[in-house]
Amino acid sequence: MMQEQIHLKLEKVLNNIDRVVSGKREVAELSMVALLAGGHVLLEDVPGVGKTVLVKALAKSIGATFKRIQFTPDLLPSDVTGISVFNTKEQEFVFRPGPIMGHIILADEINRTSPKTQSALLEGMEEASVTIDGETRKLEQPFFVMATQNPIEHEGTYPLPEAQLDRFLLKLKMGYPTVEEEMEVLRRAGSYSPLQELQPVLRLEELLQLQAEVKNVVVDDKVKAYIIDLAHRTRNDSRIYLGASPRGSIALMKAAQAYALLRSRDYVLPDDIQYLVPFVFSHRLILQPEAQYSAENAEFILQDILSTTSVPVKRVAT
Amino acid sequence: MMPKRVENIIQLFIYVFSFFLLTEWMRPVSELTDTGNMKVFILFIILSLAVHFFSLHWFARFVVLIGYIAVIAYMLYDDALFSIRELGVNIAYVWSGDWVLMTNSFRTLLFFALLWLVTYLIHYWIYMKSNLFFFFSMTIILLAVLDTFTIYDASTAIVRVVIAGVMILGVMKLVHLFPALSLRLLGKWSMSLIVMVAFFVSMGLLLPKPGPQWPDPIPFIQSFSEQAKGEDSTASVSKVGYSEDDSKLGGSIEPDSSVVFYHTATPDYYWKVESKNVYTGKGWVSSVGEGTAFPVANGDELTELENYEGPEQVAAKALSASVSIIEDQGHILYPAGSYLKNVKAEGVSFFLYEPNLKKLTPQTADGTLQDISEYIVNYEQSRYDLAQLRKVTEADETMDVLMDLYTQLPDSVPSRVYDLARELTENQLNWYDKAKAVEDYFDRSEFVYSKEDIPYPAKDQDYVDQFLFETRTGYCDNYSTSMVVLLRAAGIPARWAKGYTEGERTVKEGEVIYQVTNNNAHSWVEVYFSGIGWISFEPTKGFSSEPEFINSDRTTHRDMEHATVREDQAETPQQEEKNAISERGTNGKFASIMKPFWISLGIVVIVVLSLFFTRRKWVPRLLITRCKRKSICFSEAYEVLVKQLHRAGLKRLKGQTFREYAAYVDSVYDTNLMTELTRRYELILYRGDEEGEAWRELQESWETLMRKTSS
């Protein structure tokens with residue numbers, strides 16, 4: 001596919017989402033990046049800011065099946081993956097697929113359920129397959145999980161362990177809409193929902209093709225070195241207890257490739273890296289207690305690291 | 001683009017305030033020169049700004065302005081104004097440099113032409129180029145210079161200039177910020193501008209203002225320039241040495257170690273040539289009040305030469321010394337503070353004695369100056385009785401004439417000199433202690449001995465006052481003159497003696513010989529004590545010479561010892577001074593060798609520094625030509641550009657990507673060239689693209705941007 005075509009198609013998807021969720025262009029773009037890079041998104045925000053609508057719009061725009069799992073403390077792993085039910089008529093077990101057997105899955109309030117159930121979902125995310133009754137079942141492609149987590153309520157929650165947070169490519173925040181955007185939201189809420197008549201603008205095959213295309217985006221060695229440099233700095237920073245893992249570096253590179261493609265480029269710029277670092281790294285870091293108690297947060301420290309790390313601008317001497 | 005009307009208003013605004021700035025140039029012209037009819041010229045400025053404002057055709061402008069000049073000329077000089085002949089004559093004057101001969105009408109014409117030029121420049125720089133800086137800063141410099149050096153008082157003019165300047169700057173900034181400007185915004189802006197300017201101007205007027213932080217530079221500059229045009233043809237730095245003319249003291253002196261004479265006089269004596277007694281406020285001249293010159297035969301007793309009266313008060317010892325002159329200056333040098341008995345020289349018929357100068361000159365029989373190379377002086381070593389000296393507390397009746405002559409002071413001596421004299425002497429009872437108190441005053445640490453960077457006094461400044469209260473740095477002339485003036489102000493008769501210090505002691509063939517060079521030229525003070533005579537005092541810092549004293553109040557033996565001890569003590573600083581002088585001598589030689597070196601080094605440093613500070617201007621041009629000549633690849637050129645931008649003050653931050661940097665550069669220069677170049681560079685850098693035709697395609701953008709860095 002030509003660059004322009006790719007750009008055009010992705011632009012259509014984003015416009016589609018925009019029609020439903022006003023003013024969330026950036027979140028939509030980053031979700032798109034995660035989708036293209038084959039990663040998953042953790043949305044950390046309060047309820048009611050349009051997370052579900054966003055994901056639904058995305059799913060509709062690419063003609064994918066959309067499943068939603070509302071996590072509750074009593075949810076069992078089989079409620080996620082599916083279960084074999086004994087059919088008395090046929091005298092055999094019949095597999096009834098769970099909600100994970102879809103393309104785009106909204107895992108709402110993932111921290112409300114038990115670690116056991118969480119791990120069922122996380123295994124699926126990592127391996128792109130689930131094991132039910134000893135039988136491994138491949139998940140459909142594309143497979144994209146958008147998990148949400150409420151940062152306010154901690155009562156009765158099972159916070160995701162760091163190792164599992166690592167499995168999300170990006171952590172995003174929706175944020176509240178501006179006054180104008182909220183006005184638009186109210187205007188739309190009064191009339192019909194545009195979500196209903198959203199038409200797919202990208203076929204699934206095309207999406208898979210795009211995902212393959214992402215892997216062809218050039219990441220120069222200098223840029224790779226820059227990624228590694230940044231990751232190293234998170235590991236050596238005195239304010240950070242646990243830095244970004246090599247998986248974090250890989251995630252950053254993949255996300256940057258996808259983002260470059262979104263920007264209709266077939267090569268990655270340090271600008272892409274700089275833009276994506278907060279989204280890719282912030283949930284992978286554990287800060288030192290001192291840093292936590294002071295006003296610093298991961299985003300702040302990452303910005304600090306970015307501004308002090310020299311950008312690769314020199315050509316390699318030939 | 002902004003509407004035509006707004007543009008016109010802004011243009012009018014800028015013109016009006018530029019006009020105000022220009023009138024600040026005209027005001028001093030009418031005040032300081034004999035230029036009359038200033039209204040005519042002001043009107044001309046308005047007219048020529050108006051023709052720019054209405055952007056008339058160049059021919060129409062020409063007609064309007066020439067017409068105006070013609071009408072004015074007709075009104076002012078009513079005869080047929082610029083006849084070809086007159087023009088020719090005037091141009092001839094211009095060529096030959098006889099500018100004072102030019103006729104008034106021609107000057108008027110030239111002035112019109114100048115104004116025309118200036119209004120065009122205002123139109124071009126301020127309005128077209130939006131560059132006020134030069135005109136504004138030149139206006140301020142002009143006012144500062146005029147206010148400082150002329151009678152023109154620019155204290156209100158500077159306020160007007162600042163108001164006009166800030167108003168123009170404000171409007172220019174507005175245009176810069178909002179290229180598409182509406183009338184409403186202009187109105188709002190100018191209202192707030194007026195309020196702001198009014199606020200700050202009134203604040204500035206109301207706030208207390210500290211006095212000048214630097215001493216007034218004018219006396220220094222004027223003394224410098226007076227010196228430069230100097231009637232006595234002395235350069236700003238004269239060489240140390242003996243000079244007859246002391247009417248204008250001051251200025252720095254350079255060492256000169258050429259030998260003047262050798263002598264054998266012991267103990268260490270200063271060698272006197274003459275003394276002067278009329279102080280003019282700038283220096284010394286001799287009076288004519290003490291009788292005319294008379295001859296004294298070679299070898300005859302010099303009884304008329306008064307060095308002390310009443311030999312009974314002075315214990316004396318007869319001594320003799322031979323003098324060998326190297327640099328003949330036509331006068332006899334004799335040991336100061338001694339009683340000179342006679343002078344013997346071969347080939348000299350007689351000596352002419354000038355009582356007002358106490359100066360001896362060797363003469364031939366027919367009364368012309370005789371060259372002299374060697375002579376012998378016989379003298380008596382004076383030794384003064386301190387007890388007797390201390391008895392002198394006031395002038396006695398026999399000293400009327402002498403008091404008139406030796407307490408003379410010009411009216412130019414300010415009252416603070418008298419105050420200081422009174423302050424120093426009021427606690428002392430006798431003249432000797434008073435003189436000592438004044439002498440000791442110069443030992444204070446605020447007085448510094450130096451021959452360098454000594455200014456001349458300003459036009460209406462007293463030489464002594466300048467030294468005592470301003471510079472406090474100087475050499476013997478400053479110290480001795482100041483002491484004489486202070487003593488005179490305290491009512492003690494004193495005069496200014498000139499000559500040489502004793503020189504450098506060497507032993508030649510078993511004989512002690514003193515070598516006296518120009519570096520030894522010196523001046524000191526002589527004070528008159530009634531019944532005793534003239535006694536030397538040495539106020540100059542670092543020098544010491546005292547006549548021998550005894551004190552009859554105590555036993556003679558102990559006094560002698562005391563006196564010897566004193567002499568021994570005096571020896572040390574003297575010796576040091578001698579060393580210092582000889583050192584200075586060698587330094588002088590060294591300096592004269594090193595001078596061209598220092599000058600060329602200075603020039604090199606200045607050139608290097610100016611090249612360094614103007615590098616923003618010339619480096620881009622150099623790089624452009626170099627990069628064009630060489631077959632350079634695009635990325636190299638890009639890197640050169642980034643370096644140049646760095647030099648121009650646009651620095652890329654550490655964590656800043658090229659894309660962000662390009663956006664920043666473009667916002668500064670108001671282009672999109674840097675982004676264009678950066679896109680291409682990114683492809684090469686991050687995608688691994690080949691250079692290809694990049695340099696050829698983007699050379700123009702690169703060059704434009706390079707040029708912008710130097711603007």
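Each Cβ is built from the backbone N, Cα and C atoms, and glycine gets one as well.
Annotations in TrEMBL come from automatic prediction, not curation.
Annotated features, as they stand in TrEMBL:
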type	residues	note
DOMAIN	B:468-541	domain 'Transglutaminase-like'
TRANSMEM	B:12-30	transmembrane segment
TRANSMEM	B:36-54	transmembrane segment
TRANSMEM	B:59-77	transmembrane segment
TRANSMEM	B:106-126	transmembrane segment
TRANSMEM	B:133-152	transmembrane segment
TRANSMEM	B:158-177	transmembrane segment
TRANSMEM	B:189-207	transmembrane segment
TRANSMEM	B:597-614	transmembrane segment
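Ranked by number of Cβ pairs under 8 Å to the transmembrane segment (B:106-126), the listed stretches B:12-30, B:36-54, B:158-177, B:189-207, B:597-614 are led by B:36-54. Outside the transmembrane segment (B:36-54), and at least 6 residues removed from its termini, the chain residues within Cβ reach (under 8 Å) are 11-12, 15, 18-19, 22-23, 26, 29-30, 60-61, 64-65, 68-69, 72, 76, 111-112, 115-116, 118-120, 122-123, 127. Through the fold, the transmembrane segment (B:12-30) approaches residues 36, 38, 41-42, 45-46, 49, 52-53, 118-119, 122-123, 126-127, 135-136, 139, 142-143, 146, 150, 152, 154, 157, 160-161, 164-165, 167-168, 171-172, 190 of its own chain, all at least 6 residues removed from its boundaries and within a Cβ separation under 8 Å. Mean pLDDT for the domain 'Transglutaminase-like' (B:468-541) in the predicted structure: 84. Note on the transmembrane segment (B:597-614): none of the residues of its chain located 6 or more positions outside it place their CB under 8 angstroms from a CB of the stretch. Look at the domain 'Transglutaminase-like' (B:468-541): DSSP puts its residues at 21 helix, 35 strand, 18 coil.
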